[in-house]
């Protein structure tokens, strides 16, 4: 036992207990008063902010409109800063540019009468821009789950402001690369040389990308496991591709229902409609109104062009999917507790 100033260590007061006693006597009242004052100011400010939208006799609103837009703006800015490097990283840009150039070279200035080749290109576009956005989007919510739960538990923002910031922030990120892809591929492949046709194809493609992205977001939010969600989206997109209307026309009755929930099926039909409409012009060029020598092309006209569903119906179903998938993702996120 060491002695300090002639006093045994056991006889000196406990330093920890001395500090606790000093804090309780000197600092604790001041800290308590400061916290009480801050709480009172916060409650008064919150009441003043919420008084514009909430009546005094009702219970105070959890978050008013101005606060919601403030949260939305902050989350949107954070999301754009975080994901701009992810969406436009070198590998992804290289992937899209390379695919567009390869497709343009493979279908270089294809002839309008080469129906089989052109339908193959249109279906390739449907496959590429159905799989890529959905596969990228499926990781969005599972990767942010821990930070999302932590911030939601602390009451930093509402779920609606977070979700809308995520959805709107993804729009410029997801639509630029498909536009570049189509500009390169469309004119290299020599598709219908008409500005209106190109713009309609671009609108269909961008809408299809957003629907595919919503499908990935919904699966990711429901499953909330990156590996499981990626496996499910791969299998599902494979089923969509197989029943998309290009590989098989006579789909078995037990599998026919899949094509009616397939995003690829409706987008492919819209692409074909923009290029060939109802097939009257190409039928006249190939002489398919009577028995001719080129029966293979005429068969493609009957099965892939003339027999397609109404474009208005396809657009309506894609719009329904666009809203429905995002609504499903929002409802799935609501069940997650911080």
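Cβ coordinates come from backbone N, Cα and C, glycine included.
Predicted automatically and left uncurated, TrEMBL annotations should be read as such.
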Transmembrane segment according to TrEMBL, located in which of 49-68, 69-88, 229-248: 229-248
Candidate ranges 163-189, 271-297; TrEMBL annotation transmembrane segment resolves to 163-189
Establish whether the number of Cβ pairs under 8 Å between the transmembrane segment (229-248) and the transmembrane segment (91-109) reaches at least three, counting only pairs separated by 6 or more residues. no
By Cβ distance under 8 Å, which residues at least 6 away from the ends of the transmembrane segment (195-222) in the same chain are close to it? 125-126, 129-142, 170-171, 174-175, 178-179, 182, 186, 229, 232-233, 236, 263, 267, 270-271, 274-275, 315, 318-319, 321-322, 324-326, 328-330, 332-333
